[in-house]
């Protein structure tokens, strides 16, 4: 029975070394080209069986492994939790997975999340305990770990430290999550125990062991799943839409089942539903070359078989969305394939809110991941689309902001901002957040929301009437009325220009027209402890309805007093709280209503 390559997914926490580990196998340098050191798109690399046998020759006899699979196809799935959706897709597509864990740092939230995804997808996995070279005293060298793990090559203290870190940082956590696990060389029953393979992406130690374990497990337990479908049509997923010289727009895709031929029809999801177009060429990357950024040109193939990464050249691909499902079929099967693809596309619909922000991304998977992460921080999303940011979206966001300033935001993941949109943003009140790392965009969103909420709160507080108690100073009545001018001391709170003033018996006296400091300069407010001359315009007649040593209050309307008491109390100074408390007690007494302001 012919077997296809098992599809291998690599998951793990950010910076634990997923791409660097593959880098050691592929001999390329993908990691250094990725934004923020995080792999942002699902990539694919074929590792042929000859390469696996070559780097693992010392182990094949030791493990009595007879590998008959044609190789392995590695999907490099992003490791940060922001890419839950892409990882789910990667996990679901994968036959087996490598979970990368830093043996020195142990499990992180993203590690646990990755395990949960693998559980949901029922995908078997092996743990790569990376960075053994950083264990104090460890003598790490390229080649099999199992041949380096002995007292001849390692100091006893380093061996002890290795065992401690292996258990405390890896095995113990797996046990807590319900898995039996052990160092791969000690595993007796691979159906019940997780294999932990120590590796170093830096030196290459343990890479042969990892390849043998992955290949052997896939071949032993997934033989039926790996049986090549020699008659069925090809099924796959779009990774990226790319412009290629001499070819125009092309699709990079993973084919996970069936066979495709040049001249067949491509059925793929797009914004209008489904696109059907005739394939001009099927192009494959050279083995061990990374599809996202190949160093050499692709080679044409008349026929390809799963599992493989492929570049597809065909007409009318401009609007194809990355992450879309695809089928490659002969003409008589186009209608059936259209139904399948349409059904899958509909599953990608992102639910939107009646009000909220606009989010844009370069792929369906990224858009879904961005939306999911924003939902976790309680963001409301009015519009979510794949594609560049246009003037139309800026105008829409501006209209959203007119009803709620917190909605005047566009978040762009890995997309372009068109020229007319840039012009519109400059003259509008719309905020644009751009980035190539989703979790950082979410952090920026949270910072912006916090900043905006504080600004809006500050604006609202400033619009409210601030409470204050003042005392008319003796021998400081300078004018009796129209306006009355006298010296006052602020006992509690903040006295502002325009503040309405009332007496202790609740009579309206007027409002503060003017205040001056010791240098006779006009001021807008006076805080607790200040003694200032003020002019009060209104019904006040000094020495008649307001006298020396009288206590006067700033009159705060009940709705504003209630707001200050319930919503903004923490924003008030201690003396302002005291002024509000005394004022509310006075009003409750005057109005004969103990619930006044409550």
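Just so it is clear, glycine is given a Cβ too, placed from its N, Cα and C backbone atoms.
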Region 'G2' range according to Swiss-Prot, out of 27-31, 32-36, 37-41, 42-46: 37-41
Of 72-75, 76-79, 80-83, 84-87, the range Swiss-Prot labels region 'G3': 76-79
Among ranges 130-133, 134-137, 138-141, whichever one Swiss-Prot labels region 'G4': 130-133
Range annotated as region 'G1' in Swiss-Prot, from 12-19, 52-59: 12-19
DSSP three-state assignment (helix, strand or coil) for residue 132 (GTP binding site): helix
Residues from the same chain, set at least six apart from the ends of the region 'G4' (130-133), whose C-beta lies under 8 A from its own: 16-17, 21, 100-104, 140, 145, 162, 198-203, 205-206
Listed in sequence order, residues with CB under 8 A of residue 132 (GTP binding site) and six or more positions away: 103, 138, 140, 145, 162, 198, 199, 200, 205, 206
DSSP-derived helix, strand and coil totals, residue by residue, for the region 'G1' (12-19): 2 helix, 1 strand, 5 coil
Least buried by Cβ count (within 10 Å) of the binding-site residues 12, 15, 18: 15
